[in-house]
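Novice: Pulled from Swiss-Prot, these are the listed features:
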BINDING   Glu172, Arg218, His452, Arg493  L-aspartate binding site
BINDING   Arg218, Asp219, Glu220, Gln227, Glu486, Gly538, Leu539, Asp540, Arg541  ATP binding site
REGION    196-199  region 'Aspartate'
SITE      His30  site 'Important for tRNA non-discrimination'
SITE      Gly81  site 'Important for tRNA non-discrimination'
Amino acid sequence: MRTHYCGHLNREHIGQTVTLCGWAHRRRDHGGVIFIDLRDREGMAQIVIDPDTPEAFKIAESVRNEFVLKVVCKVRARPEGTVNLNIPTGEVEMLASEIEILNPSLTPPFMLDDDNLSEMVRLEHRYIDLRRPAMQKNLMLRYRVAKVLRDQLDSQGFIEVETPMLTRSTPEGARDYLVPSRVHHGQFFALPQSPQLFKQLLMVSGFDRYFQITKCFRDEDLRADRQPEFTQVDIETSFLNEEEIMTIVEGMIRTMFKQVQDIDLPNPFPRISFAEAMNRYGSDKPDMRVTLEITELTDVMKDVDFKVFAGAANSAGGRVAAIRVPNGAALSRSEIDAYTEFVKIYGAKGLAYIKVNDASKLNEEGLQSPIVKNIHEPALKAIIERTGAQSGDIVFFGADKAKIVNEALGALRTKIGHEKGHVDGRAWAPLWVVDFPMFEHDEENDRWVALHHPFTSPKDGHEDLLASNPGAALSKAYDMVLNGWEVGGGSVRIHKQEVQSKVFDALKISKEEAQEKFGFLLDALQYGAPPHGGLAFGLDRLVTLMAGAESIRDVIAFPKTQRAQCLMTKAPNEVDEKQLRELHIRVRQQNPAA
């Protein structure tokens with residue numbers, strides 16, 4: 001039907017007769033000559049229709065935006081003064097001899113070049129939204145990323161194996177999406193949150209190197225970087241330690257960035273421990289482009305008169321820390337108030353600060369803040385020296401439980417860093433975070449929970465801590481972070497049943513519960529399971545970063561909203577009563593007063 005894509009035509013095609021198919025992006029009448037910008041996925045071509053071809057001219061007069069056209073035309077150079085070097089086809093235009101309307105179009109709900117569209121309108125008419133060049137560029141980037149990753153894995157001996165979409169529910173983290181069984185009354189499948197257990201079983205089966213680009217499902221509260229269904233590049237290997245796995249994966253990502261976007265990532269990626277990341281940056285996924293750091297002050301605040309600081313410094317699990325912002329003394333009261341409200345999102349009760357007007361004067365004359373009079377001089381000296389504060393700076397403080405301080409100051413560090421230009425100028429800052437704790441403490445239920453998942457292996461020499469001091473046990477886990485986003489996470493897995501049982505004991509998972517939920521894995525570990533480990537990448541997150549998109553919804557063809565709805569298909573929806581009866585399900589009506 002066509003001989004060329006619109007966006008592929010250039011000076012080399014001058015004199016050729018070509019057939020193009022696409023959508024009328026824009027139609028213009030100029031002094032008896034009609035111009036149509038014809039668009040397909042590869043770009044735009046300018047079609048010229050003059051009265052010398054009366055039949056084509058008559059049809060062109062009736063063309064409106066988004067009509068689907070087939071055009072036979074001759075490629076010629078654009079007249080002098082009309083060349084547009086901003087587009088690949090800008091040196092040529094196409095003189096039409098024949099036009100056929102393959103399908104007319106209603107007036108679209110929005111113009112494709114409207115940059116102020118409501119996302120709700122875009123998602124409701126996604127099939128129109130996906131015609132926008134920016135969206136097509138994003139999805140083609142996604143395809144190229146997936147293809148290069150697949151080719152890289154194939155070249156290194158990885159085998160692509162599909163794992164089940166219908167599996168059993170083992171709710172340890174987020175809620176499962178449940179699928180009722182019609183055949184087995186009262187029983188349910190679950191959609192997988194990850195292929196974790198199946199890929200471990202493939203290693204037990206001897207496949208050695210596995211990968212899969214697969215959908216995963218989590219029924220959780222949504223954020224800008226979350227979707228109820230998401231795509232994961234899933235990898236598992238046998239007989240490799242964490243260093244070898246990280247080397248393979250890092251090389252794969254470095255090659256992919258180079259091939260897809262001609263970006264040179266550092267070799268090797270920097271590494272820091274989880275403890276260092278939390279202490280210095282308040283996050284296990286720090287944006288290393290931001291130059292601000294968190295400074296520890298707990299030890300010097302134990303005997304100050306300011307009770308907020310002293311209370312946190314003397315309480316078990318408390319922390320007092322600070323961020324110095326160069327030239328921050330110029331911040332207005334309203335800006336400081338806005339930052340105070342921001343940290344409250346993370347549980348902070350407020351945001352103390354000191355404006356450093358004169359760093360040489362450790363009193364209220366040199367340091368401007370209501371809290372200065374309640375902090376003795378040795379502590380003030382420690383604040384200035386440890387943070388490196390200079391005249392004209394501001395120092396923000398966090399004082400609370402360490403978890404709250406880390407999250408609040410970590411988020412504030414990133415926010416101020418980007419808003420006030422405290423970044424180092426790098427476009428890309430990859431990082432490995434290693435030496436994660438095995439567990440974190442759930443204070444509400446007074447129990448340990450797995451920081452990653454319960455199948456992560458403890459570091460060598462930490463196995464005995466599983467029973468004696470679970471909070472001190474470190475794991476063979478590693479996360480790849482890029483510009484403050486966790487794009488990949490993995491670990492060496494437990495391959496011995498007795499070690500897996502010790503982890504379940506630390507998590508207060510009884511032998512009966514472990515056998516009920518994970519009996520198939522525990523059984524498999526008794527039949528010569530090899531040492532194994534792996535990693536999974538969030539493809540959506542990775543492409544979002546590479547595309548410079550604001551949300552992962554911009555790199556997914558048909559995403560859900562933040563309320564987990566598809567506005568286009570109106571999913572989820574009510575189903576027929578007959579379908580529910582076949583599944584032995586009754587919908588209980590919600591009581592608005594309840």
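Note: Cβ is positioned from N, Cα and C throughout, glycine not excepted.
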Novice: Could you give me the DSSP helix, strand and coil counts for the region 'Aspartate' (196-199)?
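Specialist: When I sort the residues of the region 'Aspartate' (196-199) into the three classes, I find 4 helix, 0 strand, 0 coil.
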Novice: Within 10 Å of its Cβ, which one of these recorded positions (His30, Arg493, Arg541) has the largest number of other Cβ atoms?
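Specialist: Result for the most crowded candidate: Arg493.
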Novice: I want to check the contact list for Leu539 (ATP binding site): same chain, sequence separation of six or more, C-beta distance under 8 angstroms. What comes out?
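Specialist: Listed in sequence order, they are Arg142, Val145, Ala146, Ile213, Phe230, Thr231, Gln232, Val233.
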Novice: Arg541 (ATP binding site) to Arg218 (L-aspartate binding site): how many Å between their Cα atoms?
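Specialist: Arg541 (ATP binding site) to Arg218 (L-aspartate binding site), Cα-Cα distance: 15 Å.
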Novice: Taking the Cβ of Gly81 (site 'Important for tRNA non-discrimination') as reference, which residues of that chain separated by at least 6 in sequence fall under 8 Å from it?
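Specialist: Those within reach of Gly81 (site 'Important for tRNA non-discrimination'), by Cβ under 8 Å and sequence separation of 6 or more, number none.
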Novice: Compare the Cα of Glu220 (ATP binding site) against each of the recorded positions His30, His452, Arg493 and report the nearest.
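Specialist: Closest candidate to Glu220 (ATP binding site), judged by Cα separation, is His452.
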Novice: Using CB atoms and a 10 A radius, I'd like the single residue among the binding-site residues Glu220, Glu486 with the highest neighbour count.
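Specialist: Per the Cβ count, the most surrounded site is Glu486.
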Novice: Determine the mean pLDDT over the region 'Aspartate' (196-199), rounding to the nearest whole number.
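Specialist: Average per-residue pLDDT within the region 'Aspartate' (196-199): 97.
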Novice: Near the Cβ of Arg218 (L-aspartate binding site), how many other Cβ atoms are there if near means within 10 Å?
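Specialist: Result for Arg218 (L-aspartate binding site): 20 neighbouring Cβ atoms inside 10 Å.
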Novice: Of the binding-site residues listed here (Arg218, His452, Glu486, Arg493), which is spatially closest to His30 (site 'Important for tRNA non-discrimination') when Cα positions are compared?
Specialist: Glu486
